[in-house]
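If you look up Swiss-Prot, you'll see Asn48 marked as N-linked glycosylation site. What Swiss-Prot records for 1-9, 83-86, 146-153, 201-219, 273-279, 326-340, 417-498 is topological domain 'Cytoplasmic', and it gives sequence analysis as the kind of evidence. Per Swiss-Prot, topological domain 'Extracellular' is recorded for 31-61, 108-124, 175-179, 241-251, 362-395, and the stated evidence type is sequence analysis. Positions annotated as transmembrane segment by Swiss-Prot: 10-30, 62-82, 87-107, 125-145, 154-174, 180-200, 220-240, 252-272, 280-302, 305-325, 341-361, 396-416.
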Amino acid sequence: MAWNTNLRGRLPITCLILQVTMVVLFGVFVRYDIQADAHWWLEKKRKNISSDVENEFYYRYPSFQDVHAMVFVGFGFLMTFLQRYGFSAVGFNFLLAAFGIQWALLMQGWFHYFEEGHIVLSVENIIQADFCVASSCVAFGAVLGKVSPMQLLIMTFFQVTLFTVNEFILLNLIEAKDAGGSMTIHTFGAYFGLTVTWILYRKNLDQSKQRQSSVYHSDLFAMIGTLFLWIYWPSFNSASSFHGDAQHRAALNTYLSLAASVLTTVTVSSIVHKKGKLDMVHIQNATLAGGVGVGTAAEMMLTPYGALIVGFFCGIFSTLGFAYLTPFLESRHRIQDTCGIHNLHGIPGIIGGIVGAVTAAYSSPDVYGEPGIVHSFGFGSYKMDWNKRMQGRSQIFGLLLSLAMALVGGIIVGFILKLPFWGQAADENCFEDSIYWEVHEEVNTVYIPEDLAHKHSTSLVPAMPLVLPTTSASIVPPVPPTPPVSLATSAPSAALVH
């Protein structure tokens, strides 16, 4: 089937409509939170606050910076491993995230921050919006190289909407805990993306197989994304936790789990290769699995060695998934997972949900202290019949809800994206930047060996024929090529002696 990939009319109109809609909705609904409003000084005076340091901004903004870098730099560069799709990986990730955070601020504002007819906007909102968009970036990895920017915008719109509904039910109605988003961000994002790519299955994708691989420099760029994500993941898992011990504990648990997953990833990567070599795909991705797996239980009393155990197993399962499960799913179940998000986010996300359920179910006042367990899980006087076993069940229900929302939502959105007018590329043109980007090809250069008698002459010339400014090319005698010069001796070659 021939596809029309010229987006000159469709993409600008879509972006313009979406942005104008955002402006109108923000104008109607969004207002500054009191701590971001010019009336903050009156609030300080009323509450007898003497310092601006009490403003929530100073507690939350460092975490926001780290999460923001993960979304735009970490996820963006992690997907630059494809040899001809670097522009699209970073650029389309930038596009969907920029739109997604605006829509997420509205959606989450209506569900969580709606006061007196308006959404109150603070630094906490933008952290939550980045979390929401991180789920969209995860799903993007499954369809990378196979969808148009139009499809990505539509997918982001629906995914942000479904994410917010799922998160509200899970956190506010079921009352599950998910500080680092193993269930709401990673499990939901991964299986939503996998379901979409299953619906969008391309039977002739093998025609683009030569571009569905990396080269030396593209793997290095992807490793930049890995390092950004690895360094900032403790902030990601702790950004929304309560100040104090919970946030402190979340950062420590994530730090340890990430470290453990690196060593087990290297171990398994070497084992599965016949010559014991390491696969860069494993190192770029599976080394991050510990951060995903510890997310739900990050702020719980998981213990340091428990965090190491989680990272240990996440690294193993993630690497084995890249080695064996991804090819199996593509060949047998028509799931074309470009980035292997099932192994980095899906499987570790499920592990994280289970770890959170077990940790919650075995929590006790002996470990947390009586005030600590009330503070961590909300076992208070208003929920006298609530106990740790019920919390464990809530965690499992939350995991199942995320899976169900992802699968059902992915099927619906997948069929919407399958419509033929979104400007998607043909099977033979997938994983190619030049379909949607102006790509300036490099001018190759050739090396002409230096004539030792004329050391001042240049050695690099353009790899194109030299045309002299004459009135007729026919009067220019052909110039014989300069024979190579041996550099083994300082004497000129005999061929150059007249």
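Placed from the backbone N, Cα and C atoms, the Cβ positions cover glycine too.
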Quiz item: By DSSP, what is the split of the topological domain 'Cytoplasmic' (201-219) into helix, strand and coil residues?
Solution: 11 helix, 0 strand, 8 coil
Quiz item: Okay, the transmembrane segment (154-174) and the transmembrane segment (87-107): do they have at least three CB pairs under 8 Å, pairs separated by 6 or more?
Solution: yes
Exercise. Using all protein chains in view, find how many other C-beta atoms are within 10 Å of the C-beta of Asn48 (N-linked glycosylation site).
Key: 6
Exercise. Would you kindly list the residues that approach the topological domain 'Extracellular' (31-61) from elsewhere in its chain, counting only those six or more residues past its ends and only Cβ-Cβ distances under 8 Å?
Key: 118-125, 127, 239, 243
Quiz item: Does the transmembrane segment (62-82) come near the transmembrane segment (280-302), with 3+ Cβ pairs under 8 Å (pairs 6 or more apart)?
Solution: yes
Quiz prompt | Contact set, same chain, for the transmembrane segment (280-302): CB under 8 Å, 6 or more residues outside the stretch | solution = 78, 81, 177-183, 185-186, 214, 219, 222-223, 225-226, 229-230, 233-234, 236-238, 241-242, 246-247, 249-250, 253-254, 257-262, 265-266, 268-269, 310-311, 313-315, 317-319, 321-323, 339-340, 343-345, 347-349, 351-353, 355-356, 359-360, 363, 367-368, 376, 395
Quiz item: Can you tell me the mean pLDDT for the topological domain 'Cytoplasmic' (417-498)?
Solution: 62
Quiz prompt | Per DSSP, three-state class assigned to the residue listed as 'N-linked glycosylation site' | solution = coil
Exercise. Using a Cβ distance cut-off of under 8 Å, indicate which of 125-145, 154-174, 252-272, 305-325 has the most pairs with the transmembrane segment (341-361).
Key: 305-325
Exercise. With a Cβ cut-off under 8 Å, give me the same-chain residues at least six positions beyond the ends of the topological domain 'Cytoplasmic' (273-279) that come close to it.
Key: 266, 322-323
Quiz item: Same-chain Cβ contacts of the topological domain 'Cytoplasmic' (146-153) under 8 Å, 6 or more residues past its ends?
Solution: 5, 7, 10-11, 14-15, 18, 92, 95-96, 99, 140, 197, 200, 202, 205, 336, 338, 417, 422-425, 430-431, 436
